[in-house]
């Protein structure tokens, strides 16, 4: 029987499917951070249960860490408690921890892949909604709740209903300067923030194959923003080249066997999806959001949409509410929207490729007057590589702030947050009301678009606003 990529991974991990109950699947990798794990570890302790698979559990500190100092004294009391509690729990259960002093510490969805923890064909879970990032490697990866975190810690399994399948094909090649962020925002703009609800999405097509692993991670990271359970890209030579030699990737004969297995991880030619969506890559322009969800997005050469043009009353009301919150007027050219904050980072866009793209726009220019711009690498490894390439100097000379790794301004959970009324060009994944701070307005863009906005003081079309020549 022909199968999709998702069905192959699902079937390989199905432990039991009791009649009338949710199936139980096996979990290969469990990623843990300081925010959603304390109650789970506490539950184990109270029940006197051991950790089922220490070697398959990996922890880091990212959500509440400071990007200005690696000292615990830089943290708020709540953040310090969470960080210290994670350290205590990892010590008590012998879990591998990448703490704030470890050179590989970073955002869980950045450091996991770069260490080779993320592998094709595996099932990966984490108490974080953007776990879908790891699907870029052909893994089935999704976020879970705290009670499920405890269940996985105790059993290395999870009750899970099987999802429907959706194929999203991006045909042809994108134009110069168009990134994975533009592709995924265009997809969400087409199908809506609930278009993928109930599905595991497989991204395919020439434009997807052309993406680097960094780009594929950006793509899958935002699968949750279209409502999908997970996003996946079938592994290929690009995947294998990225993984070879990484710390937790197979070595020697095991690597050769893994390659043979991974090359079978693709959707069979005659497999049938429950739903299919097609986009033409050449039609995708640089994207940016205008409202309060990722589906409220337009091209940079467009204008703020008018709710009066929307025939669906529910959608129209949502648009009106969003425009009132973000304080924009219908018909305003997107390039006329001024910003005063820029955030380049997050599990969506904080990898080395992202920082290179942003630095290309920043090089030889200066951050506009009245604009504060910060760059937060996604991990210690990314930070070191960027500094070895001199990217930090480019940012600093242009007037950007260069920070330590962490989730930072993606969410108003740490000290990096916006003030009421701030308007931010952000490379993160969510533009909900208050996401980056109470009363803040967020516009989601690619790293190049964010850096270009920082130096211009407003949104610009990077197809015109090109990097300066050396």
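Including glycine, each Cβ sits where the backbone N, Cα and C put it.
What Swiss-Prot lists as [4Fe-4S] cluster binding site is 347, 407, 410, and the listing cites sequence analysis. The DSSP secondary structure for residue 407 ([4Fe-4S] cluster binding site) is coil. Annotation for residue 407 ([4Fe-4S] cluster binding site): same-chain Cβ neighbours under 8 Å, separated by at least 6 residues, are 62, 63, 65, 107, 345, 346, 347, 413, 414.
Residues near residue 410 ([4Fe-4S] cluster binding site) in space but far in sequence (CB under 8 A, at least 6 apart, same chain), listed by position: 343, 345, 346, 347, 348, 426, 428, 429, 430, 435, 436.
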